[in-house]
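Here TrEMBL flags 1-151 as domain 'N-acetyltransferase'. As annotated by TrEMBL, active site, proton acceptor applies to E107. TrEMBL lists N112 with the feature acetyl-CoA binding site. Residues or ranges marked as active site, proton donor in TrEMBL: Y119.
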Amino acid sequence: MIKPLTIADVGNMLPIENAAHAHPWSETVLASCFGERYRVFGLFIDDEAQQPQLVGYAIYQYLFEEATLMNICIAPSAQGRGLGYTLLSLSMQTLVDDAAIEVVFLEVRQSNQAAIALYHKLGFSIDGERKNYYETATGRETAVLMSKRFIK
């Protein structure tokens, strides 16, 4: 199940962020994503005690009919089960229904072929690239620019 997150959830998001990303966002950066023009969705699955646990989140910034996926993160222990697909498909549909979003943009590391494949599966197209956009341990990496348009 997905539900909107609030700034009070940052403490639960941070361990997932740190475990899943080679270049994680700080607590301050995550907290800054709860302002105006942001939507943050959490993905919850029940643990052994049937209590919902946050296992991932998607952060969008939006203006008028456009949204940008700023960050998606699934806990490493929950990866490989289709949860990223579920989180993105449900959260994007919520944006379309609630905020009249017509297009979602994103940037992804060129080396992140699993994410690029996921975005293609969700209907995203490649629009271009930004050379030397991301930092790496050995230098810089190209960002692939993608978008998905929603038909009204």
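Just so it is clear, glycine is given a Cβ too, placed from its N, Cα and C backbone atoms.
Note that TrEMBL annotation is computational and uncurated.
Keep in mind the model is a prediction, meaning the values are calculated, not measured.
TrEMBL feature annotations superimposed on the structure.
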residue : record                       : contacts (Cβ under 8 Å, 6+ apart)
E107    : active site, proton acceptor : R130, Y133, A143, V144, L145, M146
N112    : acetyl-CoA binding site      : none
Y119    : active site, proton donor    : L106, V108, M146, K148
Simplified to three states, DSSP reports Y119 (active site, proton donor) as helix
Averaging pLDDT over all residues of the domain 'N-acetyltransferase' (1-151) gives 95
